[in-house]
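Only one structure is covered here, and it is reproduced in the block below.
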Amino acid sequence: MAAPMAAAVARAALWAAGAAAAGPLRLGAARLPGSRWSGRISALGRILGVPSRWNGSSSALGRILSVPSRWNGSSSALGSLLGIPAEAPPAALGRHPPPVATDREEQKRLLENRPDQPQNPRVLRVAIIGAPNAGKSTLSNQLLGRKVFPVSKKVHTTRCKAQGVITHEDTQLIILDTPGLTNPLKAKRHNLEEAMLTDPWDSMKHADLVLVLVDVSDHWTRNSLSREVLKCLSQFPHIPSVLVLNKVDKLKKKFLLLEIATDLTEGIVNGKKLEVKSTLKQDSRSSAKPPFDITRASPSESKVPGSPFGQEKNQAQEGSGLDKSSDVGGAGTGGGQGPKHHEPEDLKDTKGWPHFQEIFMLAALRGEEVDTLKRYLLMQAKPGPWEFHSDVLTNQSPQEICDNIIREKVLEYLPLEVPYGVTQVTEMWEEGECGELLIVQSLLVPRESHKRMLIGREGKVISRIAQEAGQDLMNAFLCDVRLKLKVEVKG
């Protein structure tokens, strides 16, 4: 009993010392959009050819770039992408995130603890959906400030839904990280559990707001939402949705961002019509006017010809749609307001969703503009009781986090479909005399050839997997971790 207690005290001391030494947590340079870049007299205004009557953060350009009028900052996301210099970023958000408990029972007690409610608590449940490998788990980890969700270049790294908890002052954000939306055929091909098909839909049922993540570096898919995403949005039209364009750092031609945004929104954002006229292809560094033409439209004009969504009246209001056109806490009470429910056959020729309330552009892996999105989410929280104690970072058990991180490394180092057939069995999980965490896990593979691949020449592959996974586990648990991996063929 003394050893686990000493280990817990040591981890708490390490966490406190790290927070004191490092100062406020920095998840990424936050550059809030502001009015000085949205008028004709500004650099961005001249680049985009914005009419002089569109001045201030409440302008059409401001709404397109998710600039609520109450925000005051130094530069916008698109401004930074186009190389416009930014002023000093605002103060960092909150404290360092707490570590995850290494003991299953300790984590269980934390989850069962009554939340330490502030005087005026606020809460927001955020579902993150998108195609496989769009960067959902990477974004979730960046928002949390600590890696607890697996990340890999391979598809279907996340195998089941999990929750992350962000507590900032009197506000609690609950991040619902979900598997990529897929279909039964692809699930069978990758030997995926049934939960991979149902978990994203279950998360939507409990969400107050949904982030739709799109990988803009994939030129094959970036100009249209997948059928699975559109079906999910159409089944829950009363839930406010926000479009997040990810991996913008990999897009060389930045002027394509507004064209992509127009395609993905059916030309409408928060009830305002966007027009992008392609005249010529040019590099974003050019001082010439890019092929954008952004215009305001009255609600009666905000319809997309040929789109099944163009037949309904748009209910979005100016400014932040979550403040005026919908009640975030009232999921399921949409009634006659907002977009109507659409049947699957209505989506046959549809590429985008015209009911997004905001658009954000970021690079989740590098943390660019993640704080901007995080501040927006904190602002959308509504009065309501917290669901978790402030010391909770995730609802996952320590063993689940360990399994996920090891599987992430296996996915990275094994080719093609091989890693999807690996079964993990934890043989030992205990704390050592000095408080270190001792883990022994067996990786069971179906064939001898797979075993040789996983071990690698002179054991280099399995050694690298153990080393990298151990480092990630130390960052999650804030304690020393000694991880031993064994490879065996299934009997």
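Every residue, even glycine, has its Cβ placed from backbone N, Cα and C.
Per TrEMBL, the features are as follows:
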- 1-21: signal peptide (SIGNAL)
- 122-384: domain 'Era-type G' (DOMAIN)
- 130-137: region 'G1' (REGION)
- 156-160: region 'G2' (REGION)
- 177-180: region 'G3' (REGION)
- 246-249: region 'G4' (REGION)
- 279-350: region 'Disordered' (REGION)
- 340-350: compositional bias 'Basic and acidic residues' (COMPBIAS)
Going by DSSP assignments with H, G and I as helix and E and B as strand, what are the residue counts for the region 'G4' (246-249)? 2 helix, 1 strand, 1 coil
Per-residue pLDDT averaged over the domain 'Era-type G' (122-384) comes to what? 74
Based on DSSP, tally up the residues of the region 'G1' (130-137) by helix, strand and coil. 2 helix, 1 strand, 5 coil
